[in-house]
Each structure stands twice: as structure tokens, then as C-alpha cells.
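So that you can see what the record holds, here are the features copied from TrEMBL:
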- 1-35: signal peptide (SIGNAL)
- 36-337: domain 'Plant heme peroxidase family profile' (DOMAIN)
- 46-125: disulfide bond (DISULFID)
- 79-84: disulfide bond (DISULFID)
- 131-333: disulfide bond (DISULFID)
- 173: substrate binding site (BINDING)
- 204, 257, 260, 265: Ca(2+) 2 binding site (BINDING)
- 210-243: disulfide bond (DISULFID)
């Protein structure tokens, strides 16, 4: 090998080492973040904190069970962009388009529930409870109200003051994602493939817009004119009735789980096994042998799913958190301090 080739090889090895080092640092940072969060963080600082959030979530979900899915989704979308810092709650300003107004987030709901809880928290304990912790508590409480296992939420997150719409690009999994794409996105957050399959189970509640999957009904394949052969034909026909081919702008919604749309159970996984996964990213879980085995396993053991999901939610809730003196406690969740 000549000198030029030796330098190229050395450069390639150096790049590989740098990539490996960055990966190690990301994992280490996630581990440190988890260590800094603690269960019962507000026990002395604001003893009523978790009770207040639970009351506001209960009030909202009792009035509309669909709010439960909205609150879980808010927590997901927050943590996957800039970490769990409540940046998804910030409103856009004249000089900046915030995350909530980016295309993947315009269908987010539940902001008013967080606002109500935060208003009460500020009255009870001014400047103590972060919006990021409210999101984490609200997701847990919402799940418990629709059949999910209750779990303890380590707290102590602080809020960020930056929210940029463009940062949603590449950080939020699209509804067309393959298993490899899902692994890449979740892996970049320190989550494993097993975590990804468990967290995908959140799709057992809530609705999806027709535009998230109508390409499977009308424009699938190389000619963009077919139907997705991985979808059960009967289910496909039913979806076509609910989501007729429309001109741009018409976009209805369909239950992610048509059997028990407001119950947190394993029917989502049973639907995938039956080739009735609504999103392409859902059905993709059956195409990979490893993820397929986990999907089938959950249909046979609902308790395992509930345990795995709760553990994955706690892990997700530690992504990129601000703790200690980092970040701030926003007085209003929609406005930067």
C-alpha cells in the first residue's frame, strides 16, 4: 500500500473511532440523565404535584377518552426532539416556527390539559414543577385511565427554551418507516429495537389521519397506482370506505385499533399478526423475524407487554433531559422564560 492509501485507511479508521466514541458518549449521557431523575422528586418540594396532574388528566379523559392517546403522543413527540424538555409545548413566535407547527406535529392535541395542570401547579407551588415533568406524569396517568399499568415516573426534568420546527425532520418516525428506519431513529435516542416494538404499542389507542396511510390504499407500488399486498383485503376495503380517495385537503381519521380503540391492550399486535396494521410502519414489524417474534409474543402475553411498555416509557422519559441547574422552570408551558 502506498503512502496515500495508508493515509486513507488511517483516516477511515479514525472516522470509525469517532463515530464509536460519539455513540458511547450518547449512551453514557443517557445513563447519567436517568441517574439524575428520581421517583418522588416533588415529595417535599411540592407534595401535591402528581395528584394535581392526575386530577386534571382524569377530568379530561373522563370527558373524552381519546385525550389519553393525545397526551401519550405529546410526551413521545417531545422526547424525540431535543429530549424531554417540553419544547413541543412552546408556541411559535413572529421570528420562529416552533415544533408544534411542524408538519408531523400539527395534529397533536391535549395542550389545554397540560395548561390546566400547570396553572394549578403554579398556584400551589410557584416556579417548582417543570412542564417536562407535567408531560411525563400526564402520559402515565392517561395510560392508567385506559387500561395501562400504573408505573412510577422519575422526575426532576427542567424545561428548555428553544423549539424549532425544522428539528422534527429525521427525529420523528414517519408512518411509512421500515424496521431499519425505526431502529435507526429509536437507536439514536438510546432506545433498543425491543423498546421500539414495545413503545409502538401506544398505537393501540388513538386515531390516525387518512393521509398517514392512504398511499397503501390507492398509490402503492412502483407505479403508485396499486394497493398494499401486505394488508388484509377485507380491512383494506373497509378503510377505503372510511377514507375515500379525495382531493387534497380532505383528511379524515380512523381508529388505530378498530376493535378496542380506547383501551390500552394488545389488540394492536393482534391486528398486525392478522395483517391489519394501519400504518405501514406498524405492519413492517411483522416483516422482520426478530420484531415479528416480539409482536406475536405480546399477543400471547399481555402482562409482558404492559411490563415492557412501562419500562420503555421510563427509559424514553430520560432522553436528553435537563436537570440540576440546566434549563429552567417555565411559568407558562407555551412561552419561553
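Each Cβ is built from the backbone N, Cα and C atoms, and glycine gets one as well.
No curator has checked TrEMBL annotations; they are predicted automatically.
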Just name the most isolated of the recorded positions 265, 333, going by other Cβ atoms within 10 Å of its Cβ.
265
Taking 8 Å from the centroid of the Cβ atoms of 204, 257, 260, 265 as the cut-off, which other residues in that chain fall inside it around the Ca(2+) 2 site?
205, 259, 261, 263, 264, 266, 267, 268
For the disulfide-bonded residues 84, 210, 243, the one whose C-beta sees the most other C-beta atoms within 10 angstroms:
84
Any idea what the Cα distance is from residue 46 (disulfide bond) over to residue 257 (Ca(2+) 2 binding site), rounded to a whole Å?
38
Give the number of CB atoms, excluding that of residue 79 (disulfide bond) itself, located within 10 Å of its CB.
29
Could you please provide the mean pLDDT value for the domain 'Plant heme peroxidase family profile' (36-337)?
96
Mind giving me a neighbour count for residue 260 (Ca(2+) 2 binding site)? Other Cβ atoms within 10 Å of its Cβ, every protein chain shown.
16
Mind checking which of 46, 131 has the fewest other CB atoms within 10 A of its CB? They're the disulfide-bonded residues.
46
Run through the Cβ atoms and count how many others sit within 10 Å of the one on residue 257 (Ca(2+) 2 binding site).
24
Looking at the binding-site residues 173, 204, 257, 265, which has the shortest Cα distance to residue 79 (disulfide bond)?
173
Looking at the binding-site residues 173, 204, 257, 260, 265, whose Cα is closest in space to that of residue 333 (disulfide bond)?
173
Top Cα neighbour of residue 243 (disulfide bond) in the set of binding-site residues 173, 204, 257, 265:
257
